[in-house]
Amino acid sequence: MLPWLLVFSALGIQAWGDSSWNKTQAKQVSEGLQYLFENISQLTEKGLPTDVSTTVSRKAWGAEAVGCSIQLTTPVNVLVIHHVPGLECHDQTVCSQRLRELQAHHVHNNSGCDVAYNFLVGDDGRVYEGVGWNIQGVHTQGYNNISLGFAFFGTKKGHSPSPAALSAMENLITYAVQKGHLSSSYVQPLLGKGENCLAPRQKTSLKKACPGVVPRSVWGARETHCPRMTLPAKYGIIIHTAGRTCNISDECRLLVRDIQSFYIDRLKSCDIGYNFLVGQDGAIYEGVGWNVQGSSTPGYDDIALGITFMGTFTGIPPNAAALEAAQDLIQCAMVKGYLTPNYLLVGHSDVARTLSPGQALYNIISTWPHFKH
C-alpha cells in the first residue's frame, strides 16, 4: 500500500481570512502546529488509546439538511489538515454556530454540497463531524477522492490552535489510523504551501489523482459499436445536455441511460454523444470513453473530447463538486496523453450553433487553463 502523506494547508483562508492575516501571523500558527507535526508519527506507531468521545455529531451542531453523496474508499493514503481563520469560538454553543455559518458559506457561496471537511476541530477541544469518514469532502482540488480533510477552526486571530484543540486533532488522527480510515504507513509530513502558507513547501511532492469514473457497466449502458478515436485529442469541448439535472448517483445513472437512449433512438447515433458526462453529484460518468468518437459536435468529434455537464446552465452554473470533477478529468487527460499538451479548451457554442454550455457555465470555463474563445 502506498504511504499516506500528511499535508498542512491554509486553504480556506481565502474564504474567511482578512487583509490583516499576514505572514507573521501565519508563521505564529505554523510554529504552534509543530508540536502536532512532530508527534503524530509517535502517536500512531505507539498505538496509544484515543478519546474521541467528545465528537459533536452533525445533529448536535445543527447541520443543514444537505449532504454530499460521493463515497470515499478507505483507508486513504493522504490526510490534509486545514486551518480556517475568522471563526473564533471557545465553547460548544458558539463553535456550533460558527460551524453552521461555515457550512452555509460552503453550500450557498461556494456551491458546495456540504461543509467541505470530513471532520473539524474547534478551539474548544471538541471534534465536530463534517461529512464523516465515508464521504468525499470538497476541501482540496485533485485530492478529495484519495484523502481525508480535517480542519482547525475557532482559533483567535494570529494565534495557533489551543492545547485542547491540538490534543483533539492528535486523537482524531490516531483514531483514523487505528480504525482503518487512514493508512497506517506514512512518510515524513509535508507542510503544503497555500495562498497564505503555514510553512515552506519541502521537496516531497504529491501528484494529483485522476478522478474516479463511473463505468458504462455500472450505469447500464447499451452495447454499441462506434468509430474509434485517434489520440491525443486536440480540443476539449465543454457542453451541457440541457434539460434536467441530477444530484444523487441513482438519479444520475438513470439520466445517463435516458441520454444514451435519446441519442440512439431519436437521433439515430451509434451511442451517447459524449466522451464523458458530469453530474451534480460530483461524479464523472463514462460516455463513449477515451478511445471512441463522440457525436455531439460534427467536424470536431474525431479530434476533440466532449465533456458534458448534465443539466441546463444558462443562469446558474454547476455546483463546485461538478466543476472540480471536470477540471480534474481534463488535467488527467493531459497527463495521461489523451489530450495534447497544447490542447485548446472551448465552449460548445464556440464551434457549433448552440446555446450550450449555457452562459453561466461558459463564464466559468473561460477562466480555465487553455481556454480559447
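Using the three backbone atoms N, Cα and C, a Cβ is placed for every residue, glycine included.
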Note to self: Going by the disulfide annotation in Swiss-Prot, which one of C210, C226, C246, C252 is bonded to C332?
What the structure shows: C210
Checklist line | Cysteine from C95, C113, C197, C270 that Swiss-Prot links to C226 by a disulfide bond | finding: C270
Check: Taking residues 6+ outside the region 'Interaction with murein' (293-302), which of them lie with a CB under 8 Å of any CB in it?
Finding: 226-230, 235, 237, 239, 263, 267, 269-275, 287, 308, 348, 351-352
Note to self: Can you tell me the CA-to-CA distance separating C270 (disulfide bond) and N145 (N-linked glycosylation site), as a whole number of Å?
What the structure shows: 33
Notebook entry, point to check: Helix, strand, coil residue numbers for the region 'Interaction with murein' (293-302) per DSSP?
Noted result: 0 helix, 0 strand, 10 coil
Notebook entry, point to check: When the Cα of N109 (N-linked glycosylation site) is compared with the Cα of each of the disulfide-bonded residues C226, C246, C252, which one is closest?
Noted result: C246
Notebook entry, point to check: Do you know offhand how many angstrom separate C252 (disulfide bond) and C332 (disulfide bond) by C-alpha?
Noted result: 22
Margin query: Same chain only, sequence gap of 6 or more: which residues have a CB within under 8 Å of the CB of N247 (N-linked glycosylation site)?
Written below: S69, G279, Q280, D281
